[in-house]
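> Copied straight from TrEMBL:
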ACT_SITE  Glu138  active site, proton donor
ACT_SITE  Glu138  active site, nucleophile
ACT_SITE  Glu142  active site, proton donor
DOMAIN    58-252  domain 'GH16'
CARBOHYD  Asn146  N-linked glycosylation site
TRANSMEM  6-24  transmembrane segment
TRANSMEM  36-59  transmembrane segment
Amino acid sequence: MHIIDHSYTSLGFFCFLLSLYTYLPPIFQPNQIKGTIINMGIEVLIINIVLLIGFAVAASAGNFNQDFEITWGNDRAKVLNNGQLLTLSLDKASGSGFRSRNEYLFGKIDMQLKLVPGNSAGTVTAYYLSSLGDTHDEIDFEFLGNLSGEPYTLHTNVFTQGKGNREQQFHLWFDPTKDFHTYSLLWNPQSIIFSVDGTPIREFKNWESKGVPFPKNQAMRIYSSLWDAEDWATRGGLVKTDWTQAPFTASYKGFNAQACVWTSSSGSSCSSKQGQSWFTQSLDSTGQARIQWVQKNYMIYNYCTDTKRFPQGLPPECTLA
């Protein structure tokens, strides 16, 4: 297993440096370097150059051609803009989907999505991590479409060893069809944190010590799909898909993964010694306050309060602090 940060892989970084040089102030131009060294010192000059390089690296992003593969839907899934944009479409014949080429065991995954606009009732845009098999692990974002003017439902879930039933649902505090927004999954040995535009909305903690399974042994790929779920997606299936509005299209950009890539030959797991901040990251007091704000104002369903669904008692993680 090895660490990969896609912000360091873009070839566009080198082009950026070349174009940036043209706009550098005279202090960095070759005929000024000698005077700069005298006036500022070699150390200061090097520090400024390193800062410029570091900024360019951090600004780079992943590439859909390199990082993903189309898995179904044929030409309904398209990679555009030299790998910087991906679109999925749904019509009455089929939806479409893609998956990551790599498998990950722990990481921080960011993706920018712009959801199906207008009357999206009956459609589901899914973006999730998952392993394979009957005892698979899975971490879900699902966006349930709605009638024009009505809010999307953001559906989240966590599966461990093939068992889910840990749904929390939210409305968003913005229109997710007007622009791209960043949806993030932070998955480390301590917890799973779902975030929207940097605001945490849900945390699933590792309570293995209390007998609650936690996904930590199965590597997962990133998947996304756009598909028809009119039987349940909108108002429990009461509102059907309006196929006169097809094709429905969702768009993706800005993929970034700071993650441990699983390889079959390695078989090792991540350790905190790898020096990645996300690996030990947890919610601070500000993050806890933001989650409380979101859940107070925008949560519309929480399995941990559904006593009718669990007449024998709520799942154990619901009663743990």
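Glycine too: its Cβ is placed from the backbone N, Cα and C atoms.
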> Around Asn146 (N-linked glycosylation site), which residues of its chain at least 6 apart sit with Cβ under 8 Å of its Cβ?
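Ser120, Ala121, Tyr152, Thr153, Thr234, Val239 - these are the non-local Cβ neighbours of Asn146 (N-linked glycosylation site), listed in sequence order.
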> Looking only at the domain 'GH16' (58-252), what is the model's average confidence as pLDDT?
94
> Would you count the other C-beta atoms found within 10 angstroms of the C-beta of Glu138 (active site, proton donor) for me?
19
> Compile a sequence-ordered list of residues in the same chain as Glu142 (active site, proton donor), six or more apart from it, whose Cβ lies below 8 A from its Cβ; state 'none' when nothing qualifies.
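Glu142 (active site, proton donor) has long-range Cβ partners Val124, Thr125, Ala126, Tyr127, Tyr128, Leu154, His155, Thr156, Asn157.
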